[in-house]
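**Student:** What Swiss-Prot shows for this protein is this:
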REGION    219-248  region 'Hydrophobic repeat HR-A/B'
REGION    276-394  region 'Disordered'
COMPBIAS  278-291  compositional bias 'Low complexity'
COMPBIAS  316-326  compositional bias 'Polar residues'
MOTIF     365-372  motif 'Nuclear export signal'
COMPBIAS  375-394  compositional bias 'Low complexity'
Amino acid sequence: MERCGSWSDCEAAAAAAQKAVPAPFLTKTYQLVDDPATDHIVSWGDDRVSTFVVWRPPEFARDILPNYFKHNNFSSFVRQLNTYGFRKVVPERWEFANEFFRKGEKQLLTEIHRRKTSSASTASPSPPPFFAPPHFPLFHHPGVAAAQHHHAFVGDDGVVAAHGIGMPFPQPHWREPNLPVATRLLALGGPAPSPSSAEAGGAGRAATAAVLMEENERLRRSNTALLQELAHMRKLYNDIIYFVQNHVRPVAPSPAAAAFLQGLGMQARKKPAAANVLNNSGGSTTSSSSLTIAEEPSPPPQQQHLAGEKSGGEAGNSSAARSSAPTKLFGVHLSAAPCGAGSKRASSPEEHPPTSPATKPRLVLECDDLSLTVAPSSSSQQQLSAASSPTSTS
């Protein structure tokens, strides 16, 4: 194995070797992005120069990733992009950018380097068992241990490499805690990163963490606002339901409107009855009296009912009084005499159908055969005979 004269020479040689060939991940990523057959899934960005967009992540992970890598995990692909310095351009879609990842300039991929972590233990795989050489002291005085460690790793790196010292140890208690970072990484066998690259990696991680925290905070605020709005709408809904159930009653019609509607219904039912009364009274041949019916405004239904009962009672009382007491005209007793040729039979109830409560019939007696008999005052009560046709009122 060829030895380097100093650490700077070894680092320069390693950097030159790495620049000659880009990382396989970058080469495969460039190929899958530059493939025109899959532009509907992944393609160059809007500027078609320095960004690329994954339009359909599910299809990208299912159909494209297995063709270039040994997995189909989209999250793992994104993590690899982050380790090589790619950044997400906009949060709305999976668009990534890197200043050296440009269309038609594949040679620039050698300028893209993997970010180095601050501790080699986080980037290295689990170590094999440590077998120290016989001349390598595990426990020494701190000052002597530091000097021997530095001499062993720098002067005799072949022996160290042969024994696998380049791997991290489960319990590295043999190292000095207060040694510089470069010395510790040298003891572990990994290349010591320059301070600028370490600071850049730390700044990149800090920026990514800040962006993620800001996005989480924004989502949390949005979620809180939505929950508050939902609770407010539920409260309004419950208040409306409570108000309708406990404070709203059906509106009853006013008395005037109710009477008007009831009157319309009763008149519609009673008009045929009034027409029948007119027809029956006009066609009667058993009485010479004429019946004249005059329409008057109908009172309310309750008053009509009371008036009907009252008129019925008065008619019964008056007919009974007329049958028991003599008839007088201007203080002169009248004797009933048949009108016309002879006495007429009493009219049957069928000939006089009941009239409607809305109409009050007025009876006008027309009889030409009325006879008056004036008896002397000394004689006992003699009645005047008057011929009149008996009429009945309903």
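A Cβ is built for glycine as well, from the same backbone N, Cα and C atoms used for every other residue.
Remember, predicted model here, so these are calculated numbers, not experimental data.
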**Student:** In the region 'Hydrophobic repeat HR-A/B' (219-248), how many residues does DSSP put in helix, strand and coil?
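**Tutor:** Per-class counts: 29 helix, 0 strand, 1 coil.
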**Student:** Looking only at the motif 'Nuclear export signal' (365-372), what is the model's average confidence as pLDDT?
**Tutor:** 50
